[in-house]
Amino acid sequence: MNIPSIENCDLHNKTVLLRVDFNVPIKDGEIRDVTRILRALPTIQYLVNASAKIIIISHFGRPKARDNNLSLKNVIDTLSQLLNKKVKFIDDCFGEKVQRAVSVMDAGDIILLENLRFYKEEEQSDSNFAKQLASLADIYVNDAFSCSHRAHASISRITEFLPSYAGFCLQDELKYLEKAVSFKAKPITAIVGGAKISTKIKVLMKLTEKVNYLVLGGAIANNFLSFSKVNIGKSFFQNGVDDLLHNILETANKNNCKIVVPEDVLVAVNSDYSTSISRRTESILDGDIILDIGPQTLSTISSIIASSKTLLWNGPIGVFEHSAFASGTIGVMKIVSDLTHKGKLTSIIGGGDSLSAISAAGLADKDFTYVSTGGGAFLDWLSGDEMPGVAALQKRLD
């Protein structure tokens, strides 16, 4: 894909507005997974070495208003430690305080501004908001693939006001995902988990046209089981999607894509998540809540993956946050990792809670061919949808 790269830009003594994705999971004030911060470091370091002045912007969570728990101040210490360099935090995105801080920056200095989503104008793609951000800098760099499916002020609108380039994380994501969706190395298996089928209908339809096996987990699998007249007890599923399910099954059948749903499951009884009970799907009781795949399904999926050349994975198979229901997700993760290390499988993982699931399995990015930081962005890419952030950069070449 042809997009302007920061490597083709004179950065010396220029002020660069760098859009990253620091939307990291935090619990009790502690960052639980630094993957997204780590992915931004090569671009930040490159800008420092090029003697640029760097203003970092990001969103964090979905705040309704200003909220200290969702302030980017929470990531400043971790960012400074990882860079081995002091990063200054400003609790605003524009105004006199920000302008004053920017005006005294030296080459190589780094400032982190406050959460963009503290301002409703960000998600509204407000032109004036984008213009105010742009007024701080000489150059804009997008290094947030995971946000590039959003038509937000700091993602697409801002490119109207500044020379705009792609950072290394964004470039890497596009390179690997382009390779993944070329669908050349077959057989291809796709695993799709998660809660709502309506948010994944386009990607499911696309995958049934391209892959040999479509393995379903999470609440999405519950929908297919229920559609097949299997009792799913009190398990979560989405109402009013039977027509969508019918279309997916019909498309899969037409394209010789085998859809794989659980044949056995691990259930909780009466919302007790501390203990799991294994049941065949035909033996699920009214009070059961399906929270993971069972051992026979894990074995079936393992065999399918072992026969595949390419694997695309979006979303966990079970509720892996509870140890009693982590064996499915972690088991499949380890099989995929093992085959990847042996050079037998190209594995592309992204979206859902994939990053957290990889950590839960005691694995890391290096254990797979590529791990995407994108959730919705990963899905949009697989669906073939235009991504506003990427399209905006491409327009700069026209």
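Backbone N, Cα and C define each Cβ position, glycine as well.
Look at Swiss-Prot and you will find ASP21, PHE22, ASN23, ARG36, HIS59, PHE60, GLY61, ARG62, ARG117, ARG150 tagged as substrate binding site. As annotated by Swiss-Prot, ATP binding site applies to LYS200, GLU321, GLY351, GLY352, ASP353, SER354, with the evidence given as sequence analysis.
Spatially close to GLU321 (ATP binding site) yet at least six residues away along the chain are SER356, ALA360, judged by Cβ distances under 8 angstroms. In this structure, the binding-site residues HIS59, ARG117, LYS200 were compared by how many other Cβ atoms lie within 10 Å of their Cβ, and the smallest count belongs to ARG117. Counting other Cβ atoms within 10 Å of each Cβ, the lowest count among the binding-site residues ASP21, ASP353 belongs to ASP353. Of all the binding-site residues listed here (ASN23, SER354), it is ASN23 whose C-beta has the fewest other C-beta atoms within 10 angstroms. Apart from ASP21, PHE22, ASN23, ARG36, HIS59, PHE60, GLY61, ARG62, ARG117, ARG150, the substrate site neighbourhood in this chain, defined by C-beta within 8 angstroms of the site C-beta centre, holds SER58, ASN115, LEU116, CYS147.
The Cβ of GLY61 has fewer other Cβ atoms within 10 Å than any other of the binding-site residues GLY61, GLY351.
DSSP assigns ASN23 (substrate binding site) to coil, not to a helix or a strand. Comment: substrate site residues ASP21, PHE22, ASN23, ARG36, HIS59, PHE60, GLY61, ARG62, ARG117, ARG150; largest CA to CA distance 18 Å, whole number. Distance noted between the C-alpha atoms of ASP353 (ATP binding site) and ASN23 (substrate binding site) is 13 Å.
HIS59 (substrate binding site) sits 17 Å from GLY351 (ATP binding site), taking the Cα positions as reference. Cα to Cα, LYS200 (ATP binding site) and ARG117 (substrate binding site) are separated by 25 Å. In this structure, the C-alpha atom of GLY61 (substrate binding site) lies 16 angstrom from that of GLY351 (ATP binding site).
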